[in-house]
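Annotation comment: TrEMBL describes B:22-46, B:83-102, B:114-139, B:159-188, B:221-243, B:263-290 as transmembrane segment. For B:79-286, the entry in TrEMBL reads domain 'ABC transmembrane type-1'.
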Amino acid sequence: MRRNGPLALIFHVIFVIIMVAPILVVCLVAFTPEGYLSLPTNGFSLRWFRTIANYPEFIHAFWVSLGLGALSSFVALMFAVPAALSIARYRFRGRDALAALFLSPLMIPHVVLGIAFLRFFTSAGLGGSFAALIIAHVIIVFPFALRLTLAAATGMDLSVEMAAVSLGAGGWTLFRRVTLPLILPGVISGWALAFIQSFDDLTMTVFLAAPGTETLPVRMFLYIQDNIDPLVTSVSACVIAITMTALILLDRFYGLDRVLAGKGDTGR
Amino acid sequence: MTAVADTAPQSAARERGPRTPWALTAPALLLFVGVLLIPLAMTVMLSFHDWGQYKGIEPVFILKNWHEIATDPYYAEMFWRTFRIAILTTLLTAVLGAPEAYILNRMSGRWKSFFLLVILGPLLISVVARTLGWALLFGGNNGLVNKLLMSLGVIRAPIPFMFTETGMVVALAHVMMPFMVLSVWAALQRLDPQIENAAMSLGAGPVTIIRRIIMPQIMPGVLSGAIIVFSLSASAFATPAIIGGRRLKVAATLAYDEFLNTLNWPLGAAVATLLLVALILIVVGSNALIERRYAEVFR
């Protein structure tokens, strides 16, 4: 294959700078020693990272996000694993329609989902509760949990299961000792991707969260609406650092390209 | 359309009977009917209810909200702005993202995976943090972007980015760019590099190769990327809300305002329903068009 010419490389460098610039500038401004937004010109300071400690609502929101992401991804998998096994192995009437339904939260705008859940949970007397947030997040992360589990279940060697059946394993033992270990990498990656989706969601959650159940993106968004100061950049820098760590772990464990390829079909 | 691979039903478990697949999917199906389809139906119903400042929501069946959206030019302008921003964002990502995917594809192994990570990684970083970055870069009339553009002599006077559609399009294009690069990248993986060499050996220049060989083959990738970017941009919330502020409304931010500030839920539900229906029609319609036009590529 031909090499890239100098013009192509210049384009590439500018492109990458533009892609990285907004993320970089948030992290740089977070280290400012000044009391206002500025690039750190006279020395780096951790002042604004220490300030986060004075804002318990940010710390509380972080724990809400963490718990919500972990729990809703786990619950989504409880539903997604059997569904994925069924879709991967059986051909039955309604199979394609079911798969389309299960992937549909990717196609429905999150603002519409937010409104629908707000209306639904308010009528059900659960408005603003953590339980409502969990159920809503289970729905939006379900496609991601299903996709990666499905990929693992589709590629599974069924003769192993047959061997186990011939040796007398069945039902729950078969699932716990044979099937689950074989699809586990897909299940864990599905959980991780679902967690990231849940952790990042703003558009739907902003409709459902009440004071006390605000997630970190919601808290940050509401804060930015009033004023942009270095505090919110230091919080963002922490979020970016956490995401990067998760990304590196995910890359080691499963391969980021496979995870992202699963995400790239969003909206189709 | 469906992303499920066709797998042969060769299964040890098949003897377990025809009810097994349904038994396995039943919990998820019940969950989806109970907490997705019913709430969506309730939202559509809500858009036909009445609302008053003092009486609140009245569960009657009237067309008041739909009539208001159809006749008040404010809503026509707002929807037109929403789709204008989405179209411009889509064009910007296609014009920049497609060449970048092509350049990336020609890099050697290690650089390729490194830059792919750099470009796709932001996909997983909070949208609030990424948009905040643009708000910092734009920052009034003497933000970094304007300073840079002026010192390079690209522009004479500063361009207002904050609270304008220009700023929204730039920030949204950045947020959506990974989807476009990924989509074109996937199309490039199916392309046989030998075709390019064959064209070169037959005397085609670089421009001809790109125009006649590469472009037609990656077009399906560009178009399916465009559908993803368009539908996500048209329903985007965080970026328009932060860059556009309270004045410049798009469909998602307007629905948010009706729900959480004005408290006119039926009107907000009507705006959301219209957005959902319009998007489904556009996405399904353009998918069908693309699949017919490029039937041979998808086969």
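Backbone N, Cα and C atoms are what each Cβ position is placed from, and that goes for glycine too.
Keep in mind that TrEMBL annotations are predicted by a computer and have not been checked by a curator.
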Considering the transmembrane segment (B:83-102), which listed stretch of B:114-139, B:159-188, B:221-243, B:263-290 counts the most C-beta pairs under 8 Å: B:159-188
Seg_contact(the transmembrane segment (B:221-243), the transmembrane segment (B:22-46)) with at least 3 CB pairs under 8 angstroms, min sep 6: no
Folded-back contacts onto the transmembrane segment (B:114-139), same chain, C-beta under 8 angstroms, at least six residues removed: 100, 104, 107, 145-146, 161-162, 167, 170-171, 174-175, 177-179, 181-182, 185, 238-239, 242-243
